[in-house]
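Chemist: Residues annotated as active site in TrEMBL: A:Cys311, A:His370, A:Asp393. Sequence annotations record features per position, and here TrEMBL assigns domain 'Transglutaminase-like' to A:303-396.
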2 protein chains.
Amino acid sequence: MKKSFRYASRVPNKNLHIDHDDFREFEPFDGETDLVPRSAQPGVDALSVVGVDMRKDVNAAQHCTGEYVTNLLVVRRGQQFIIDVSFSRPVTSQDDFQLEFLIGTDPAANKETLVVVNFGNHSGAAWAGQIVEARDTVVSLGVTASSKAIVGLYRMYVAVAMGNGMQRTEKDPNTNFYLLFNPWKPDDDVFYPDEAGRSEYVLNSTGLIYMGTPDQVTERGWVYGQFEEGILDACIYIMDACRMPIQNRGDVVKMVRTASALVNSQDDNGVLIGNWSDDFSMGTPPTTWTGSASILQKYHASGAPVSFAQCWVYAGVLNTFLRCLGIPSRVVTNFNSAHDNTGNLKTELIFKPDGSPDRHKTRDSIWNYHCWNEAFMKRGDLPPKYSGWQVVDATPQETNDGYFRCGPAPVIAIRDGELCHPFDCGFVFAEVNSDLIHMKSDKYGNMTPFKVDTTYVGKLLYTKSRSGWGPEDITGTYKHPEGSPADQQTMALAEQFGCSRDRSNVPAAKLSIQISAQAGYVGEPLRVSVTFYNQSEAMKLVKVHMEISPTYYTGVVASDPLKVEDFRLDLDAFQSSIKVFELSPQEYVSHLGSNSSLEVTVTGQTDDVEVSEVKTIALKLPPLNITLSGQPQVNRDMYIMVSFTNTMGFPLTGAKLAMEGAGLLETQVYSYRTIPPMGQISRKVGFRPTKPGLQTLLVVLDCDNLPDMTAMVEVKVVP
Amino acid sequence: MKKSFRYASRVPNKNLHIDHDDFREFEPFDGETDLVPRSAQPGVDALSVVGVDMRKDVNAAQHCTGEYVTNLLVVRRGQQFIIDVSFSRPVTSQDDFQLEFLIGTDPAANKETLVVVNFGNHSGAAWAGQIVEARDTVVSLGVTASSKAIVGLYRMYVAVAMGNGMQRTEKDPNTNFYLLFNPWKPDDDVFYPDEAGRSEYVLNSTGLIYMGTPDQVTERGWVYGQFEEGILDACIYIMDACRMPIQNRGDVVKMVRTASALVNSQDDNGVLIGNWSDDFSMGTPPTTWTGSASILQKYHASGAPVSFAQCWVYAGVLNTFLRCLGIPSRVVTNFNSAHDNTGNLKTELIFKPDGSPDRHKTRDSIWNYHCWNEAFMKRGDLPPKYSGWQVVDATPQETNDGYFRCGPAPVIAIRDGELCHPFDCGFVFAEVNSDLIHMKSDKYGNMTPFKVDTTYVGKLLYTKSRSGWGPEDITGTYKHPEGSPADQQTMALAEQFGCSRDRSNVPAAKLSIQISAQAGYVGEPLRVSVTFYNQSEAMKLVKVHMEISPTYYTGVVASDPLKVEDFRLDLDAFQSSIKVFELSPQEYVSHLGSNSSLEVTVTGQTDDVEVSEVKTIALKLPPLNITLSGQPQVNRDMYIMVSFTNTMGFPLTGAKLAMEGAGLLETQVYSYRTIPPMGQISRKVGFRPTKPGLQTLLVVLDCDNLPDMTAMVEVKVVP
């Protein structure tokens, strides 16, 4: 290795697996030549350390860290924890000893990676020390880490001042401990002001992620599993893997920004590889995962990115990372999310002269839904207004200029159009506020807008409520009511900061089209009704184009249309007419691809106007049946019975049945080659709960041709 | 290649080397089945294109692009350029034709990567078109690209509307042209308000980079060479190499941010590999480069990062990139630059109890100088106040959280402590405003500050002046006067935005130390005088520690001290005393390493105070002699004669003599194994000026044991 003269010393960026020795066990004071320790008080036995007890018993409950499955102590910063040190004799006021806390390679006092805590005459240390109790030779020491302290895995030493040097305890991995963010303490930048919030956003290890369309919201469970064995280490490993400087790891803003980059593998060998194709043969389909734990464990064990993710997987894993380290967080779903644009506010759908969508020229897509995270924090780098929930997005987006990271962006800055602060506010603003512009192109290739829809994008934002298993509508935190003075002010401000809007003046057309559909189960006939209404004072001949295509949640159609109808319709002044289209199961089931949605596009042209309407229909999935039996008690036998009947009239292939429950059952996956029509599968699995309290079991049935059937069940485990 | 359903179509990110066809030559209108073009006017010959002339002759002068060495047209956006189209017959008002401009793969009208310019009845295009003159069959067309247009290499087609479709010219690389930013036009975000500034910051292809120490400023020439053959392509290639979306390439903020990341190879296979060691055997030593052109040409040819760079090389190449694309820019040197800290405002020097510097515990370093760039632009993403010069830094810094990019950060935001706007203001603020804190550690390892110097860091900021070859002091644009009310307000605001300062209250010591040195030439004896002044009312016994060490410009010492003196000094009340130390050539020359600087550290301790002072001395380098002969005229023979005598009393090894002059001479390098003491080398090189005007020749002599001797000479070339 060439010596570099760039640094006085390299910036330490590794927390786990520190192999070198920290100290010589006896370190003589400067100028001392005798290498044998000498008692500090002549005539009194030298004080030495006999044992150290990290007092997990009392500390874990006080610090709300009892659920972490680890032998080591887990505590939070800004809050006292207790360490018992047993000495060779009772301690007197003449004795001088200190605790030394070290993190990362090459710790240094002035980088706060080496912290000395005194209990004697010295003072001025960043961490407070206090002798809580002395019982004979055992002293209970209270230590309070600074509320800005670096978060991660610390090593600890007890050092006793001898007459001629410092005598330290041996390196002992059992006295290592984890220091986390502390949402319970007002001094901490991650302070969350109420217990219900902390219970949900920090301590809840299972959640719901919303999907589907704004009209047909569906949900799937996700086991965050932030307390499971090895997850805390995996989260610290993520920061080591990207060489995040240790000295930055107490700063929640930098931590969250790093995490948003590291959960995707785009430019830094991060956790997850995205895959939006139909071919997941080289890994696990995004729809098969039941939670984050197995992903993070796999990443930490191999050091290589895990295959495969789509947006909810990125969001699920990022949520685990955040909650695991003590940062309040939640997964948010934005319905009709404008995607991969460049921060301008135009999303354009292009139609051919005949009224059919021009799939080649249309470059933009609107995702039916997109999941990201919010993390709650004080933004010490910004004016106070911007503290609170922040958008963080781990899904890589090509157009954010090669930053495969996004956020933290203050939600309130998005709502108010104040896009001039870091990070990436303009980008998120466009995701919820883009205008949807319908364009038609003439024969020369010139394009003219004929409809501008300012309400389509960012229709609804949902997150799991704190009180139960339902959604909380948080649209109002991102957007003022459409058209309100506050909304107008927001849009004007956003334009000032470079978000360009479409300025074309498209008058409201005197013809309206409405699409509605009863979303049935996959395998049932689909009925779509389209209402045409002539709002003009003249009779109109309407040339109609209608097509139905299978579509992904990214808004990209999976194949050619399954049904196309072109017809003409006479409509008297102020008259309406309803047309019903039916799609039989035979017409659509084999074309669904890996997503059970259909896009209906209807265009109507008269002599003077053109109107188009697009609607995505998410089909319902058949139910999984779950029965629990046994005694819901820690360490007693329980059983989960999952059964499923294929009522769909076509065979399901490549089925994977996966189940997982934090504190109940580690991820289990069972494969079935085919489930024939009316075929039934059932599976009984035994397990023993490891933790008391309300726990959740999640089951997923994922087939090649029908992904993503999920079910959840709760069980109250007694101690 | 697996199909991905993530995008309606992938985001285009490639500008050069587009191989596919753009159009079918004849494209029938929708619904037309006849594939043979039919004249638009029955009975009149179909109009067809015979030839296209890009009118380099008139356009280049108008657009100030005459210096670019390329066969293609180079023009600027927001300003009319002329294209002559020869048709098969005179054009009538019945004829309908258009110009089509395409950039990147898969161009699209709604992404502004396909722009149609009409000269007939159509309107509403983003680029303006005008028939300037029609002479028989030749029509001169005036085209004005939008002042927000994408910058890069465009393809052009002439399309004529036939009766049944569009007939286009063939793909012709000779009608490709470059569109650049336009600092001459007020509508452009890079508008620079005066001609002297544009001459320097856009058009000057040679510059000066300041180095050394605040007391002994040195300089080296740098040939930016932004107009040389292949440089414009290399700059566009840089953006292709990092897959910057084409549609973002009209946005100067995004462009500059991308460039800051791409000039270093840290995370994206960028242009330059940094090397701050003493071993450059695997590439070119940073001190041997004479300019950017050979680096950029090498990078474009190989597609691989070029070895090696230090800060001024990064800054030189980034400056070339910016000026080449038309963004006003300059290289700035910050003397005493706080480095690789985390955005806090503390840089700590640690001293042992005996007064000697503790090189192990000192983790921070202050660079004697650090070079970065400023780019001039309107910040459309921020409130208007922040437009103007922006800091951009391409030197990779470990602690900026894995962003190996920095800026654009508004200089005015740095000056006023308004650090809550993008990008990286807090980081730059710390580089110019850190406090230098001298700490001593006691025997327990506890550290106490004994001196806080708030004026050391960011002592001086220099850039080349617009009017000539001297420096312009721009310290006042970065910092209010130390201690002024405005400065206090700045510091208070910066702290509010998370820049933590040292709050220790260290009283002014009643003992002062001043170090001064006559900077002689390398090889001469060095005399350092140290003045001690006892400001107290009592006699003091001062324990003094003095040491001199060779040092790099990064503030890192190269070896153990060359001279150490410890002594005691009696000082009466209000008495001063001067001590002189001499270092003979034999004591230092063989230890200088790749940088000719020495660091002097003096510590004085009395019974009640400790004081220390550090000073870096940059030694002078022996001169290179240059003589020009021949006729300074385009395409006539000229000669440069370089001679050098080694007056240094020790042999110079591994010497490389390099010379370069934009418009005069491409980079030439000659090697000499050894130059013995009093040995002389001389080299006469012939060349032929290619451009008229005031041109500059730069010569560098770089030896393993004495780098970086430079000289420049100007020559006025007549046409």
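Heads up, the Cβ atoms here are built off N, Cα and C, so glycines get one too.
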Chemist: For the domain 'Transglutaminase-like' (A:303-396), what's the model's average pLDDT?
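Modeler: Reported value for the domain 'Transglutaminase-like' (A:303-396) is a mean pLDDT of 93.
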Chemist: Mind giving me a neighbour count for A:His370 (active site)? Other Cβ atoms within 10 Å of its Cβ, every protein chain shown.
Modeler: 26
Chemist: Please identify, from the active-site residues A:Cys311, A:Asp393, the residue with the sparsest Cβ neighbourhood, meaning fewest other Cβ atoms within 10 angstroms.
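Modeler: Across A:Cys311, A:Asp393, these active-site residues, the one with fewest Cβ atoms within 10 Å is A:Cys311.
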Chemist: Roughly how many Å lie between the Cα atoms of A:Cys311 (active site) and A:His370 (active site), rounded to a whole value?
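Modeler: Per the Cα atoms, A:Cys311 (active site) and A:His370 (active site) stand 6 Å apart.
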Chemist: Give me the Cα-Cα distance between A:Asp393 (active site) and A:His370 (active site), rounded to a whole Å.
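Modeler: That separation, Cα to Cα, works out to 10 Å.
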Chemist: Summarise the domain 'Transglutaminase-like' (A:303-396) by DSSP state, stating how many residues are helix, strand and coil.
Modeler: 18 helix, 41 strand, 35 coil
